[in-house]
Amino acid sequence: MITGRTALYGVLGNPVRHSRSPQMQAAAFEHLGLDATYVALPVEPERLPAAVAGAHALGFQGLNVTVPHKRAVVALCEAVDPVAREVGAVNTLRRTERGWEGFNTDAAACLMLLREEGLRPGAPALLAGAGGAARAAAWALVRAGAVLRIAARRQDAAERLAAELGPLAGPGTPAPVAVPWGALEAEADAAEAVVNGTTVGLHPEDAPLPLRVRAGQLVADFVYGDTPLARAARDAGARLVSGERILVRQGALSFALWTGRAAPEALMAAAIAAPGRAT
């Protein structure tokens, strides 16, 4: 039961009703005996400043931020963590007295999972997209030492992202390069790792990305659910970092930032996989 003592958390996005974050975070709160609740908050882009300010005024303790607000919310933060500043996007807000502190747990989660799946320094990698999620993925790939090529429907966005992340490339590692969207298939064929940072797969009617996946390739998809890319990766025998794994890991990192407690990650993963949960 929600009372005047219940700590409030939520996720801002548009669309956001499909989000599995509420049941995942609710399971973690319940497991640790915390009096807290987490809700999905649909917010259209033009209402984002009012929503962020209103959530602070209403006493929310923390927020996640999802499509399409991850870049726009940066300007609404009182302070921004160095990683989020490098990424140029924020997906987690933590309350301070004066406002919100912004973090990017997408980026940290992606880096951890890519390393766990054996992404080697110097590996050629292809990223599809240049929006908020793609920025987190690009940061993770560069920090992991991959030789990154970025393809986006808007070539200027891919070029801008490549230029911004270039200074982060390690000694001896080539800076990221933007490539045409039309070269996606050929670039994927040459890559050891392929990451989808677009929203392709979010809607059932979405056409798949125009690329092939092969056995042993490392494939990561920021969209969760039975996406075309996830199916292709499983069918081909690729190493898959699914959207669910990214969701759970970033959610666990957000939980720790908000509460100062280690998140029950296995339980959170089980919560989003349970029958009857939102998809």
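Even glycines carry a Cβ here, placed using N, Cα and C.
Residues within less than 8 Å, Cβ to Cβ, of K70 (active site, proton acceptor) and separated from it by at least 6 positions along the same chain comprise A89, V90, N91, D106, G131, G132, A133, R135, A136. Annotation source Swiss-Prot lists active site, proton acceptor at K70, citing sequence analysis.
Reduced to three states, the DSSP call for D106 (shikimate binding site) is helix. According to Swiss-Prot, the feature shikimate binding site maps to S19, R20, S21, T66, N91, D106, Y224, an assignment based on sequence analysis.
For G129, A130, G131, G132, A133, F222, G243, the entry in Swiss-Prot reads NADP(+) binding site. For A133 (NADP(+) binding site), the count of additional Cβ atoms within 10 Å of its Cβ stands at 26 [all protein chains shown].
When the Cα atoms are compared, S21 (shikimate binding site) and G129 (NADP(+) binding site) turn out to be 23 Å apart. Taking the Cα of R20 (shikimate binding site) as the reference point, the closest of the binding-site residues G129, A130, F222, G243 is G243. Mapped onto three states, the DSSP output places S21 (shikimate binding site) in helix. Sequence-distant neighbours of G129 (NADP(+) binding site): residues of the same chain at least 6 apart with a C-beta under 8 Å from its C-beta are A137, A152, N196, G197, T198.
The least crowded of the binding-site residues F222, Y224, judged by other CB atoms within 10 A of its own CB, is Y224. Across the structure, A130 (NADP(+) binding site) and T66 (shikimate binding site) are spaced 15 Å apart at their Cα atoms.
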